[in-house]
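Sequence annotations record features per position, and here TrEMBL assigns Na(+) binding site to G75, V78, N82, N340, L469, S473. As annotated by TrEMBL, compositional bias 'Polar residues' applies to 698-709. Taken from TrEMBL, the feature region 'Disordered' applies to 680-727. The annotation transmembrane segment is assigned in TrEMBL to 69-87, 99-120, 141-169, 225-246, 258-278, 301-322, 334-355, 457-483, 495-514, 526-547, 567-593, 613-638.
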Amino acid sequence: MPKNSKVTQREHSNEHVTESVADLLALEEPVDYKQSVLNVAGEPGGKQKAAEEELDAEDRPAWNSKLQYILAQIGFSVGLGNIWRFPYLCQKNGGGAYLVPYLVLLIIIGIPLFFLELAVGQRIRRGSIGVWHYVCPRLGGIGFSSCIVCLFVGLYYNVIIGWSIFYFFKSFQYPLPWSECPVVRNGTTAVVEAECEKSSATTYFWYREALDISNSISESGGLNWKMTLCLLVAWSIVGMAVVKGIQSSGKVMYFSSLFPYVVLACFLVRGLLLRGAVDGILHMFTPKLDKMLDPQVWREAATQVFFALGLGFGGVIAFSSYNKQDNNCHFDAALVSFINFFTSVLATLVVFAVLGFKANIMNEKCVVENAEKILGYLNSNVLSRDLIPPHVNFSHLTTKDYAEMYRVIMTVKEDRFPALGLDPCLLEDELDKSVQGTGLAFIAFTEAMTHFPASPFWSVMFFLMLINLGLGSMIGTMAGITTPIIDTFKVPKEMFTVGCCVFAFFVGLLFVQRSGNYFVTMFDDYSATLPLTVIVILENIAVAWIYGTKKFMQELTEMLGFQPYRFYFYMWKFVSPLCMAVLTTASIIQLGVTPPGYSAWIKEEAAEHYLYFPSWAMALLITLIAVATLPIPVVFILRHFHLLSDGSNTLSVSYKKGRMMKDISNLEENDETRFILSKVPSEAPSPMPTHRSYLGPGSTSPLENSGNPNGRYGSGYLLASTPESEL
């Protein structure tokens, strides 16, 4: 018996032992295991399973070029959030000061975990379900949770594309339909619509013409037929883009990923030429340092990093699984992360340049309105003309002259000044008016475009850009759903993809009710965020602490041909998990301190009010979070108690042979390889990575073999490792 036999090594034990058939067969003459009678209940054996997986890998579609793959990753990671959420967070959280926590978290969490997802997808060549089943079978539920989160996000994300489609078609008019308030006739009298007059033309068009929104989430109000048609168009476009997998979506990416940069460049040039653009940009880069110490700012920055790079959704893994094994995903991670950050900053420059222009216009409007009030007070002798500086000319009143006049009146009429109802008309106040998410694109930005020369052209370009940004993200989101399901359950690709789109359209009707915008808030702000954070943490733990950072780094070295930076070793092992645990705890505490709610548009008041979700909506929200995270504990429990196969299909027999032999799952990290039968390497290389010992940062440990690497059978058989890890 060979010296390295486990039986020989433990021959003095008298206890009951379990030895895998693979270990026993290693001592016998070679057989064709694919035809072996040891195939129980029709289940394929370990070697047959590996061979089937190898054939799957060979037949797996591949990107036509590296450029197509990079554009796909950019299209998925660069989305609508870069255009409206990142600028909003900058505006809300101290301008340039927000860039500090964002960059720090991007470096210590975002890039390492993005590289991790790229690497595992490329190495294992499966979707999220297959990847996490391979890394740690008991945490295989991570893949299923990723699919569910992708479904939740896709349901409401395509609704936003539908809104953009609606505005796109409405842009082919001059003047733009949201440039003026509608006039209604009351008998022989024409009056401005009251709701519009109380708010603004762009706000009225968004809430009344586009959404026809109800006063609360409890008032469904029925379907909005205009948005229902737009949602149908959106899902039809997405379906056609992804129905053939990367063969169809890869070609779409050439346009959907590059066109937004053309539009952003055009808007940046146009924006910088606008009056007041410099004021907006300076306001953005003027840091409010006190914000850097606010834990809420760091929590929001972390959430933005997750969403910006698409971490935890499975789309990154799905796209990278179609790569060749020797692709330099290390370079890809840095490149895509940099482009994503660059796009966010570029979009923020554009937004603040345009908002600076809008703020100047609104500030001048404020000056004119308040100057008319002052003239009225002067004519009625409420104010003395001695209060007006001699150089002030009301026919050509500047903001500087008004500010001086305002200070004089406020000083002299100190006690009665509030009764005058005068506004300070400060440009900073206009720039500080933060508009979140959809409001930034569909209210603030559209209002600014009404003042552009050739405004319909710019409006068409802007909403076409939003459609393309959304389409790129939706392709990645759909890949996060379809790729793991098709890989795992071998369902027909085209039929399953079409079925997903049809199912999502009908479920998406929830979001095109008159109260649909409130459900979008529920899904976007709450139902996806917390499960996504949990998924990302468990991904990190599964690779770094269960599968093993040393082992994973060694496999990356084999795959890439060079050893990745030590930086990633420490980030994956210590820094990233700790930071994410703190941020997750902060998110849970925040939910407990501030009950979930939404901004409701009250028609009668023509104003927004923050309302808490009613009890039934809270129950729905909790259910959504539970459904998204439930697969993780369910799969863990089922596999821990052996109620669900881990897919290894390894036969084992029990016997007594002297000394007790430990179960293979309890072997040390450097003693976990098994002897199994395999073909000649040139005929059938294993698709699964061999487990080699990595001694830590800076080490280059060779593969550790015991005795003859080919055993007693010569070059026809070789060592292969188990394709699963144990907790």
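Positions of Cβ are set from backbone N, Cα and C atoms, glycine also.
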Using Cβ atoms and a strict cutoff of less than 8 Å, what residues sit near the transmembrane segment (99-120) while being 6 or more residues removed from its termini?
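Hits for the transmembrane segment (99-120): 90, 131, 135, 287, 292, 297-298, 301-302, 304-306, 308-309, 311, 316-317, 320, 329-330, 332-334, 336-337, 341, 345, 536, 539-540, 543, 552, 556, 559, 564, 567-568, 571-572, 575-576, 579-580.
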Who are the long-range neighbours of the transmembrane segment (457-483) in its own chain, taking Cβ under 8 Å and residues 6 or more past its ends?
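Same-chain residues near the transmembrane segment (457-483) but 6 or more away: 72-80, 82-83, 127-128, 146-147, 150-151, 153-154, 157-158, 160-161, 164-165, 167-168, 171-172, 176, 237-238, 241-242, 245-246, 249, 252-253, 255-257, 259-260, 263-264, 266-267, 270, 310, 313-319, 321, 441, 445-446, 449, 493, 496-497, 500.
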Using the recorded Na(+) site (G75, V78, N82, N340, L469, S473) as reference, state which further residues of the same chain have their Cβ within 8 Å of the centre of those residues' Cβ atoms, listed in sequence order.
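Neighbours found: I74, F76, S77, G79, L80, G81, S257, P260, T343, G472.
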I need the most crowded of these binding-site residues: N82, N340, S473. Count other C-beta atoms within 10 angstroms of each C-beta and give me the top one.
S473
Other than its close neighbours in sequence, what residues sit by the transmembrane segment (613-638), given a CB gap under 8 Å and a spacing of at least six beyond its ends?
138-142, 144-145, 148-149, 152, 217-218, 522-523, 526-528, 530-531, 534, 538, 595-598, 644
I want to check the contact list for G75 (Na(+) binding site): same chain, sequence separation of six or more, C-beta distance under 8 angstroms. What comes out?
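G75 (Na(+) binding site) has long-range Cβ partners M253, S256, S257, L471, G472, S473, I475, G476.
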Within 10 Å of the Cβ of V78 (Na(+) binding site), how many other Cβ atoms can be counted across all chains shown?
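The answer is 27.
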Considering only Cβ pairs under 8 Å, which range in 141-169, 258-278, 334-355, 526-547, 567-593 makes the most contacts with the transmembrane segment (495-514)?
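Top-ranked stretch among 141-169, 258-278, 334-355, 526-547, 567-593: 141-169.
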Measure from the Cβ of L469 (Na(+) binding site) and count the other Cβ atoms within 10 Å, all protein chains considered.
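I count 28 other Cβ atoms within 10 Å of it.
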